[in-house]
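Heads up: the structure comes next, in structure tokens.
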């Protein structure tokens, strides 16, 4: 990617009155606090502008990356990126009689508040899930028995050929943490949801319950991306121990300190640190720079770590587990690279990331 094509983009954005930043700082402005800079950070303000930016970029063969709230994304600090198109301002919400149309960049927690305060139920379990509507649909985000797809009527998106397509829920292949959008180059523009009346006090009580549970059981003190891997069971059940001694120690610790009585006793401040320490010793994870959350070994804590250090941790976890039906949830951005800053680190990061992704195809 050359400076000349970026100047061509600048001229077009100025003409179209579309906001953009030059040399945008990713580390200080991303959810995971990772990355270096992106040469152009573009902020269309509605889905029409989003379509126009994407189509213009394709017309000049400009490699771009569409991003939302970045709550599931790692940025590589061994590169400077080229052009990111952010959906952050593509956030219009339009209520109708029994449905609501939401643009893809709308914050999911904000959307839950929008529908809840109007007395519409069925969205309470999505409270507190970070990210945008578009990102939530891609991953079919959910918690506490709720999924974002539960109330979807249709999704409108831009396909690879620049065509605007609308498909109903039955055509979108929603599964646990999956949809047709996950592995295809489709850009979600907006979605239509059904809305049903529910007693406001019931809605408030459910949201409060889920909010408290989320902050108790999930990491929130240090930058992180939530669960690294999704698995049919707890990821702890997927670890294979290298010694009988460590396996026995793990089972005894689990039986003594994590039975129903102890879980109830520690319910206000739960911690898996004892189990984490046994796994760390067995897998030499204690030698790594990156630490995991004391609440869950399946969540890294960014304590001003580099991208390479975080990928090293993820790769070590990946090599320590039974990989059947285990899939990576955190995404490393590999598109729209302007220049490589550190060749050796870049190669190491991309090699390990691609090895993990190979499991997705098995």
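Positions of Cβ are set from backbone N, Cα and C atoms, glycine also.
Heads up, TrEMBL stuff is auto-annotated, nobody curated it.
According to TrEMBL, the feature domain 'FAD-binding PCMH-type' maps to 34-198.
Residues annotated as active site in TrEMBL: 177 (among others). Neighbour density for residue 177 (active site): within 10 A of its CB lie 16 other CB atoms from the protein chains shown.
Per TrEMBL, active site, proton donor is recorded for 227. The local packing around residue 227 (active site, proton donor), expressed as other Cβ atoms within 10 Å of its Cβ over all shown chains, amounts to 18. In three-state terms derived from DSSP, residue 227 (active site, proton donor) belongs to neither a helical nor a strand segment and is classed as coil.
Around residue 331 (active site), taking its Cβ as the centre, 19 other Cβ atoms fall within 10 Å, counting all chains. According to TrEMBL, the active site annotation covers 331 (among others).
The two recorded residues residue 227 (active site, proton donor) and residue 331 (active site) have their Cα atoms spaced 12 Å from each other.
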